[in-house]
Structures are given as C-alpha cells and as structure tokens.
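Student: A single structure is presented below for examination.
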Amino acid sequence: MKYGLIGEHLGHSFSKQIQTRIAEIENVKDYDYQLVELDKEEFKEFMEKKDFTGINVTIPYKKDVIPYLDEMDESAKAIGAVNTIINVDGKLKGYNTDFGGFLYMVKAHNVHMEGKKVLIIGNGGACAAVKAVCEHENAKAIVIVSRSSDRGAIGYDEMYTSHLDADIVVNTSPVGMFPNITNAPIDVSWFHKLECVLDVVYNPILTRLCFEAQEADIKRVIGLEMLIAQAKYTFEIFENMSFDDSIIDEIKKEMLKDRCNIVLIGMPSAGKTTIGKMLEEKLGKEFFDLDDMIIAKAGKSIPEIFQESGEAGFRAIETEVAIEASKMNNKIIATGGGTIKHKVNMDFLRLNGITIFIDRDVDKLISSDPNRPLSSSKLALQQMHKERYPLYQKYAAYVAVNNTNIEETVDDIVNAYHSILIDAVAD
Ligand SMILES: Nc1ncnc2c1ncn2[C@@H]1O[C@H](COP(=O)(O)OP(=O)(O)OP(=O)(O)O)[C@@H](O)[C@H]1O
Ligand SMILES: O=C(O)C1=C[C@@H](O)[C@@H](O)[C@H](O)C1
Ligand SMILES: [Mg+2]
C-alpha cells in the first residue's frame, strides 16, 4: 500500500475523499490512499510489516504507534500522539498534523486565545493536539473536562461549579457526532462570558453545540475545516511538496455544497414539492417529502394517523421523521405544513440543512383540489398565513419569493445556494 488511514472503525472517514481531491487539484498522478480498518492484533502485524509509504493514524492508535517509530517531529513529541507516519527506507517518522489542522481553524476564524480561559471537552487523542495549540496561542488557563476526571481532567460537576466563566469552549469528545446528533456536551447558555465555540466533530455539519452557540449569537467554528487542513498538511509530508492553504477553504466549500441538505418550508401549495423536484435535477440532490416519510413509517395515510392517534400522535411521528431526515446529507427535504410549528423539528433539520422559505402570496394558494381541503377557503388560508408567517421568517436562511415564473424561483435558490448560503455555513 502506498498511502492510507489506519484505525479501528473508519466507516465515517472522509479522508480518502479529501486526499484524492487534493491530488486532483495539485495534479499529482496515481495518488493511492486506502482506508484500512485494523483490530488490535492486525494493528501490531501491520506496524511490524511496514508495508506502506505513508499513513494517517486515527482512533484508537495515535499513541499506540509511537513504540514502532524511529523518529518523531518536535510537535508530535510534545503532544504525545501521532497521526501521520512516513516510511523512508524502512525507518518510520511520526508527525502530528492535527496540531496544524486545529491551528489553521483557530487562525482562519480569528479566534484569539491569548489571556483567555479555554475549556476543552474530552480527554482523548484530539484533546492532546488541541491543548498544544491552546498553549502555543498563550491561553491564560486551559481546563480539560471529561466524563471520568482523570489524566489531568476535571469532571462535569466541577466544570459547572467553577468554570462557567470560560471564554472559549472546544469540543474534542464524540458527543453530538452522527448518529447521536441530538446530543450536546454542554448548555452554552450557562456560560456567561462565552465568546467562541469550536467543535472538532464534522458530522453533522453543525453539531448541536455549534447550532446552539449560533442561535445565541456566539461565534461557532465547525469541525470540517480541521479535518481538511490536517489532510493537506499530511499530503505535503507524504509527497514532500508545499502549496497554498487556500485549497483548504476551496475543498471545504465543495464538501459543504455536496453535504448540505436544502429544507423547504412554506404554506400548503406554496410550491415546495414542485420546486423540490426541480432542484433535485439542478443540484443533483435526492428529493424527500417529510409527509411521504411519515406515511411510510406509520404504514398509514395521514388522515388515518389523525383518526387513530389524533394530532399528538401525528406530531410524534413527524418529529421522529424530522430527526431521521436531519441525519441525512445531500438531500432536498420538503417539510409538511405544520413542521415549523415545533421548534425541535426545525432545530434538528438545520444541523445538516439550509432552510429556504418558499414565499407565495395567499391569493395564489387557493386550490379547488379535493386533496387540499385546507386550501379551499381564502379566510382559512389567510388565518393560517398570519399565524405561520413569522415562523417561516424566523427559520428561513433564505426567502425565495415564488409569485412569478417557477423556473425563476428555482434559479434564484440555486444561485443563493452556491454563493451566500454555503458561505454562511462555512464562516
Ligand atoms: N410560481 C408558480 N407558478 C405557477 N404555479 C405554481 C408556482 N408555484 C407553485 N405552483 C403550483 O402550485 C401547486 C402547488 O404546488 P406544490 O404541490 O409544489 O406545493 P407544496 O408547497 O408542496 O404544497 P403542500 O404543502 O400541500 O405539499 C402546483 O400545482 C404547482 O404547479
Ligand atoms: O477521520 C479521519 O479520517 C481522520 C481523523 C483524525 O484522527 C485525523 O488525525 C486522521 O488523519 C484522519
Ligand atoms: Mg408538497
């Protein structure tokens, strides 16, 4: 094997995709990067055999590789963990590009740590590199919080009693990571001086921690950038090359475009399904209707669900389905009429999704279609519009007015998606 990533479970890893894309952009031919899952026994054999030119190392082997190395660079030594190894004529040298990856993320977002109290959540491999960056950036105090208060970490109780004055929080724990996207390691509202939250978790795009920081107007930095930056620094070591850091932002935006969902909200008959299907073609994202997912899950029609379990029964299934949809990537998701009435649905759908309000005048929503009983009365529609309009506005990252040609509405959404909307997620 030439290059690759070793670790115990790699199903989640984007490293092959990122490494291959860097090779493409930098015009490096025949760049081969494999994902190699190893259990403890296989790991030992793999390291002894040394049948590779360069590897990345991930959980749980970043410390375990150290005894096999002939040499380590200074920052890897200081951190005590290695995520990159090169094999030169049978001699193995270890590096830690997570350090550079996290430093890049801190600098790119103007996070100033000097004189600040930084709280690091999680005490595993990623914590070591993050802590080294905080020291490098002259943080005034660095507090590590972990479920088990050992190896220099404090427990959550002590964090809540003594460290709610943290200026910066970095999550290096897996809390909030797919598939457990509804979890957050802390409640940001308890931290009265908090100015910035950084998360190294990159799936979902916005962890619940980052989402809640964003809602509270606290600067938040998403994890994808660190992964891409460390991959870039790894590539430079593997290929003995050096190129501009701007490739990190370029790949980040490409990956966000690929991974973000578009969540369509709006009144009944506003055009969500029609526009969603048109966007499916234009953006190459598969279309899903939450109502169809509800019907599939319940094995019944929506009127049947209402008849048998009432509105509460329906809303429970709707939220279950909204959480399932929130875990998906690269989809167009049309919501049902009442989905926006429950904040929980919208909060989860926005972890991987950009919300677009399809805004169509009430006059145009009137329908004689017998399948749309709520849309036949102008008065009923006006009442519903009045109630829901502030919610559509509140949850929308973008308002697409759909009063003229529907093709124009679709083009408007595509343009906004490629420019301002992805930029807003990336920042
Ligand atoms: N800009 C437009 N010009 C002309 N017709 C439109 C326009 N936008 C939507 N329509 C029409 O309005 C009707 C309702 O659209 P659609 O079914 O996509 O709405 P919806 O938002 O998905 O509704 P629901 O909430 O009931 O699922 C369709 O017949 C569609 O062709
Ligand atoms: O998930 C991944 O692909 C990786 C995660 C980090 O541990 C990195 O240090 C590693 O190089 C790759
Ligand atoms: Mg529809």
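In case you wondered, yes, glycine gets a Cβ from its N, Cα and C as well.
Okay, these came from TrEMBL:
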- Ser269, Ala270, Gly271, Lys272, Thr273, Thr274, Arg372: ATP binding site (BINDING)
- Thr273: Mg(2+) binding site (BINDING)
- Asp291, Arg315, Gly337, Arg388: substrate binding site (BINDING)
- 5-85: domain 'Shikimate dehydrogenase substrate binding N-terminal' (DOMAIN)
Student: Determine, using Cα-Cα distances only, which of these binding-site residues is closest to Ala270 (ATP binding site): Asp291, Arg315, Gly337, Arg388.
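Tutor: Going through Asp291, Arg315, Gly337, Arg388 one by one, the Cα closest to that of Ala270 (ATP binding site) is Gly337.
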Student: Measure from each Cβ of the binding-site residues Lys272, Thr273, Asp291 to the atoms of ligand 1 and list the residues where some distance is under 6 Å.
Tutor: Lys272, Thr273
Student: So what's the average pLDDT for the domain 'Shikimate dehydrogenase substrate binding N-terminal' (5-85)?
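Tutor: Taking every residue in the domain 'Shikimate dehydrogenase substrate binding N-terminal' (5-85) and averaging pLDDT yields 96.
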Student: Around the Cβ of Thr274 (ATP binding site), how many other Cβ atoms lie within 10 Å? Please give the count over every shown protein chain.
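Tutor: Other Cβ atoms found within 10 Å: 16.
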Student: May I ask you to report the DSSP-based helix, strand or coil state of Lys272 (ATP binding site)?
Tutor: helix
Student: Should Gly337 (substrate binding site) be counted as helix, strand, or coil on the basis of DSSP?
Tutor: coil
Student: At a 10 Å cut-off from the C-beta of Gly271 (ATP binding site), count the other C-beta atoms across all protein chains.
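Tutor: Looking across every protein chain shown, the total is 22.
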Student: Please tell me which one of the binding-site residues listed here (Ser269, Thr273, Thr274) sits closest to Asp291 (substrate binding site), measuring Cα to Cα?
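Tutor: Comparing Cα positions, the candidate nearest Asp291 (substrate binding site) turns out to be Thr273.
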Student: Of Ser269, Ala270, Gly271, Thr274, Asp291, Arg315, the binding-site residues listed, which put a C-beta under 6 Å from ligand 3? Please answer none if none do.
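Tutor: So the answer is none.
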Student: Taking each of Arg315, Gly337, Arg388 in turn, which of these binding-site residues have a Cα lying within 10 angstroms of the Cα of Ser269 (ATP binding site)?
Tutor: Gly337
Student: I need the CA-to-CA distance for Gly337 (substrate binding site) versus Lys272 (ATP binding site), whole Å please.
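Tutor: Checking the Cα atoms of Gly337 (substrate binding site) and Lys272 (ATP binding site) gives a distance of 10 Å.
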Student: Would you count the other CB atoms within 10 A of the CB of Asp291 (substrate binding site), including those on all shown protein chains?
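Tutor: Taking every protein chain into account, the count is 18.
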Student: Between Gly271 (ATP binding site) and Arg388 (substrate binding site), find the distance joining the two CA atoms and give it rounded to the nearest Å.
Tutor: 16
